[in-house]
Structures are given as structure tokens and as C-alpha cells.
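K.L.:
Heads up, here are the entries from TrEMBL:
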type	residues	note
DOMAIN	A:31-159	domain 'Cytochrome b/b6 C-terminal region profile'
TRANSMEM	A:50-69	transmembrane segment
TRANSMEM	A:106-128	transmembrane segment
DOMAIN	A:206-284	domain 'Cytochrome c'
Ligand code: HEM
């Protein structure tokens, strides 16, 4: 349906397309037509905004370099001791659900009732508050409801966060991402490679040594796992020789530690301890 | 040269009105912080958008290394964080940006609320804004699981048990987003797809509606 360029036609198209051939300018009036000290969005205003944005961006980059994004240890569904914690902007909901009358038998109120009411009201605000007045100090009901909800959210978030800190304290827990950072720093200071929790554990050196049986009968493996990769609180023992010497290991086995490693002084003879410690000291990642 | 190319395209596609419509609008005095410092509150919408763009860009780079399965997810994040050049910065921007965008969106919402800008004729834009708000919370929720560390895993378990306690539909919702009975391989791939495809798609559509309405209606007048 080529229209050609018949000037008698009302609408003239470009070629056979639906694009109207333009003869008059259809460019809208520019901003100078508006009164007051308004200015063009592009490029004047946007350029200024961009300059502020760039400063903010640099600050943001400094923050990301100063505080690397946290990463804990790989998810372990069998870990029963982990204290669950949602991201900070969900804490007010999380805390709300801990109060009686909105949990247990009344949990409907906590999961659907209160949030539904709050977010429903927020969603439909323009249809609930239909007055013409826009200034907040002339809209006492809307303003005070919003301020109250704000205070409630801030309060709940704070309570939730304090409770989490308290729990960490009583259970003597260091958040995993901090623990990992510390381990990485210690390894770095000791001149060792960064502990990589996702790497394959070092192979067991001389696995058929009688010391392995001895460790089984002495219940070491019950805590440190039969493949010596560790579980729960007890660390893996593969590659332990990188970190501890024969004497240091013997010392730990004999006297235990404050953090859960029992003392074996009265359960194993000095020779047995020496034999196990000697074998463990051979467990080096670099060994063949 | 460029003018020639431009005219050639313009003649065929008539693109001038499109960009002139975006470019030729005035920023009124009462929202310009250069004239009234307190008008900085009107910048929060733009800042939210700025950080949203950062989130989308950094997220695109993250997916170059991230592997959404339970065996490799954690290791891929760890690798990205410690081994890839600038990986820590890209991940850091996405991580902190996720919080920052929520803060900015909060402030923007409060600005709109306290200046009464949601009133007629801007009701629809407020509703679209609230939908954006929910999408953003959804992005935060699904993104939290992806690093697959203990914090991610156990927070998601809590979320799902909360979803499950909703009467009647709760168990169905939980199964739907969980992809099974336990938080596991299915959950991770589902959260990944939701975080990377479904929600950003919806977000972009809603943002287009948001900006279209702002352009049509103009910013609300001075108080
Ligand atoms: C990704 C999130 C969002 C982005 C990028 C965004 C962006 C913007 C921008 C750039 C403006 C122009 C005015 C200004 O900068 O203050 C605006 C206006 C507006 N926004 Fe948003 N917004 C977002 C979320 C929201 C939310 C959560 C709400 C509220 C529920 C909302 C409601 C509104 C309304 C009603 C206007 C018109 C205000 C007026 O004319 O004075 N927006 N938005």
C-alpha cells in the first residue's frame, strides 16, 4: 500500500510504512516557556545530579573496600546451633512474631493480620486519605499513624538486634563471617595460605598407620569425624601438621583446651599420646 | 556526519519527539536543591533509581561467576570474593547496595507520604510505587539465600516456616517457593530464577509505569 507522495492526502507516510511524514515540527515547547527559576532536566539538572551522584559513588566504593561483603561457612542443614537472622529490614517482622498474641495460637494475627493491615493501608493510602490537604501538619491522622508505625518499626528492629547480640554473647558465638575473617588473618600472619573452606580437605597421610586405630578406640574420631574432616565444634585434623608441631599436639591431647577438647592424660598412656601426636604432626598439606 | 546519520534514522523512525519529550521538561524551582536546600528530599527517588541501576549492573557481573546449585554456589561466591579481580568490589557493591536501595526507597516513600504527593491525581503512581516496594523486599529476601552459607540457609528456613503458618494457603505458598519439602537444591534454583529473572522483569515494567506517570503528571506542586 504505497501511498506515494500525493500532497492532497491528509496523512503522508514515509515510504510504505506507518511513520507519518513530518512537515510541521511536533517538538514540544521547551522549558523556557515555564515561569520561575526552573531549569532544563537534560542536560543542566541531570549533570548536577550526576556530579553529586559521582561523589556518592566514590563514598560507596570506599565503603565496599573497607567492609568486604560478609560470607560465613557453607550451609550445613545439620547445624542445630546456628542462630538464624534475617536481613536487617525484615527484623521488625521477625521480632513482631516473637510476642504472645501474635504467635503460637494467634500466629495468624502476626503473619497476616498486622502486616496485612499495615501494608494494606499503605498500599491504599490515597484512597483512605482523600482530603485535598497535602501539608503533613494539617493531616494529623495520616501523619500520626505513619509516625507511630515508624517508631514501632524502629523499636522492633532495635529490640531484635539487641536480642541477637545478647544471644551471641550467652552462647559464646562469633558470627561465622567474622570467624572466617579472623582465621584468614591468622593464617596470613603465620604465612600460610588463606583457609579455603570449599577446597578439598588435605588427604590423610599414611592412613594405614596404627595410630588411626588408636584414635578410633580413644574416641577422637567421634568428635573429629571418622575421615578427620571435623564436625560441629571439633576442627578437622587433616593438614594439622601445617599448624601444630608434634609437641604442641601432644600438649593439646594431654591437657585438652578450654574450648571443648577433653584432656586425655588419664585415658591414654604417654607413649600412646606420643604415637598419635607424632602421626598427626605428619599430616601436612604439602606432604606426598 | 552524526547529524546525517541521525537525520536518516529520524526520517524513517521519527525518533525526535521521543527523546525531546524526555529532555525538554523543566525542573521546577521548589524541587531543585540548588534553590532551596530542603528540596534535597526530592532527590531520593532519583537516588533510588541510581542504586537500582548499580544493582542491576553489579548483579549482571555476579552471574558471570555465580553457580546456582547447592554444591557449587558457596564455592563460586567464595571464589568470586577472593580470587576474581575486582570480585570483592562487585560483590560488595551488590551486597551493600541492596541495603542502600532499601534505605533510599524508604526515604523516597516518606517524602512522598509527608508531602502528600500520593493524593489525586497521583493515586495510581503511589500504588505502583508500593508494588515496587514489595518487589524490592522480594529481591532482598531471595537474594539473601544465594550465597548458600549458614546465615542464608537458616534465615530462609525461618521465612518458609513463617509463610507456612499462613492459614489455608500457607502450605501451598511454602511448597511453591520452596520447590519441595526441605530447603535444598530446588529452593536455591527457584530463588535464583526469581531473584534474577522474575522480580527484575516485574521491577523494570513497574519502573517504566512509574516514570511514565511522573512524566505525564509532572512532579507535585509546592506545598
Ligand atoms: C525502585 C524504586 C523507586 C524508584 C527508582 C522511584 C523513582 C521516582 C522518581 C525519580 C520520582 C520523581 C520524584 C522524586 O525523585 O522524588 C518518583 C516520584 C514518585 N514516587 Fe517513586 N520511586 C520508587 C519507589 C516508589 C515507592 C516505593 C513509592 C511509594 C509507595 C513511590 C511513589 C512515588 C510517587 C507517588 C511519586 C510522585 C511524587 C510527586 O509527584 O511528587 N515510588 N519516583
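Cβ coordinates come from backbone N, Cα and C, glycine included.
In terms of burial and nearby residues, how do these features look in this structure?
P.N.:
Across the domain 'Cytochrome b/b6 C-terminal region profile' (A:31-159), mean pLDDT in this model comes to 89.
Within the same chain, residues 93, 96-97, 99-100, 142, 145, 149 sit at least 6 positions outside the transmembrane segment (A:106-128) and bring their C-beta atoms closer than 8 Å to a C-beta of that stretch.
With DSSP classes pooled into helix, strand and coil, the tally for the domain 'Cytochrome c' (A:206-284) is 38 helix, 2 strand, 39 coil.
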K.L.:
Per DSSP, what is the helix/strand/coil residue tally across the domain 'Cytochrome b/b6 C-terminal region profile' (A:31-159)?
P.N.:
85 helix, 3 strand, 41 coil
